[in-house]
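Pulled from Swiss-Prot, these are the features on record:
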BINDING   63, 139, 164, 194, 198  substrate binding site
BINDING   165-167, 199, 228-233, 251, 300, 321-323, 374  NAD(+) binding site
């Protein structure tokens with residue numbers, strides 16, 4: 001293992017450097033002041049202790065903001081064991097602060113793939129035996145998958161899973177469809193206060209920040225291609241536009257494609273006539289040869305494939321703000337091209353072969369090895385953005401824990417294994433706390449107005465079908 005374990009009475013942790021704890025604690029205190037919804041829930045439910053008895057396995061980016069989430073769960077009665085969901089996303093000072101507080105955490109920036117899985121397993125195990133966990137909080141679905149594949153006995157006690165991101169939700173839905181999902185789950189990702197804040201506004205803030213920190217490039221006047229125009233793509237396109245880039249968008253969904261056009265972006269395809277037939281001849285080399293920066297945002301596989309990588313302009317920057325590194329064909333790059341590390345999470349990928357020639361100018365600049373760029377090359381979304389996402393996680397954990405799925409008779413369990421979105425009333429509760437944090441005042445409906453539009457005075461205010 002590459003990280004150092006520092007026993008000091010409490011040893012149920014592994015972080016890079018426990019001496020960073022004081023720095024981490026100072027940043028956590030600042031983050032708390034920027035997370036009004038999460039801190040509001042902490043105050044609102046502290047006396048009630050709605051998570052008393054909950055034992056939560058957590059696998060989500062081990063950042064300063066996540067530290068506030070962890071300590072909120074504990075303040076509401078839970079015990080937790082934690083790891084990061086990405087090998088590059090841990091902020092070592094945050095992990096150290098959590099460990100110093102006596103909370104089991106296994107995470108450090110720059111884990112190997114083997115260390116990453118080891119860290120997840122250390123949360124599942126305590127003293128070498130499966131911990132009696134009864135809740136799961138996941139981001140991307142790796143923890144959920146490992147539990148189903150290797151520790152199905154743990155799932156017998158689990159009341160539910162709350163999933164943070166698009167990729168993890170896709171995996172849950174695939175498991176549900178295939179009949180392999182063993183416990184109910186809440187899709188936190190599609191809560192309005194998550195998807196519109198984290199996915200859209202968060203990426204608007206953090207994408208250009210990461211690129212500038214990694215490259216020191218001026219982005220103005222250069223051409224960018226954003227692959228995907230869902231909420232993450234929308235925020236990413238805005239992030240690059242506000243830097244003065246000339247932004248083009250590629251999409252497969254006609255509705256999202258229409259939105260890109262209506263938002264003033266040129267809709268293009270990296271393939272001639274939009275058709276990828278698997279040959280290099282189908283790649284629009286004329287288009288890609290002018291692109292200075294390409295970013296993938298889709299949660300899909302090989303959306304920046306080998307043919308596209310070959311056709312990109314010399315010295316183009318390549319990055320991903322989706323969850324996994326398979327959006328970009330990094331496997332092809334490893335097999336065929338030379339990698340030269342410029343600094344941590346910044347590589348020159350030499351397209352002239354496996355040999356690295358420092359004088360060669362035919363290279364790409366790959367950020368975070370194709371993994372999540374905003375956490376690999378910067379510090380991710382700001383606290384105020386993550387406030388909404390993590391408040392949703394807290395309410396989702398409370399909701400599933402109260403349902404007590406694991407205590408149901410066996411005959412009733414199958415029909416209760418679902419993947420649901422957080423109830424709208426809870427989504428509105430998070431939004432209201434966020435508005436209060438901005439100093440905003442929400443106007444209340446009169447009884448007559450509420451009756452006229454067919455809602456309760458206290459909400460919910462929109463049907464589930466409403467698109468914000």
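Note that Cβ sites are derived from N, Cα and C of the backbone, with glycine treated the same way.
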Residues within 8 Å of the 63, 139, 164, 194, 198 Cβ centre (excluding the substrate site residues themselves): 60, 61, 165, 188, 189, 386, 389, 390, 393
Nearest recorded site to residue 139 (substrate binding site) by CA-CA distance, among binding-site residues 165, 232, 251: 165
Other CB atoms within 10 A, centred on residue 323 (NAD(+) binding site): 24
Which of 164, 251, the listed binding-site residues, has fewest other Cβ atoms within 10 Å: 251
Site with most surrounding Cβ atoms, counting all protein chains shown within 10 Å, from the binding-site residues 228, 230: 228
Residue with minimal Cβ packing [other Cβ atoms within 10 Å] among the binding-site residues 232, 321: 232
Nearest recorded site to residue 321 (NAD(+) binding site) by CA-CA distance, among binding-site residues 63, 164, 194, 198: 198
Nearest of the binding-site residues (165, 167, 230, 251) to residue 198 (substrate binding site) - Cα to Cα: 165
Distance from residue 194 (substrate binding site) back to residue 230 (NAD(+) binding site), taken between C-alpha atoms, in Å: 13
Assigned conformation of residue 167 (NAD(+) binding site) - DSSP reduced to three states: helix
Other CB atoms within 10 A, centred on residue 194 (substrate binding site): 29
Residue 164 (substrate binding site) versus binding-site residues 228, 232, 251, 323 - nearest by Cα: 323
Within 10 angstroms of residue 194 (substrate binding site), Cα basis - binding-site residues out of 165, 167, 232: 165
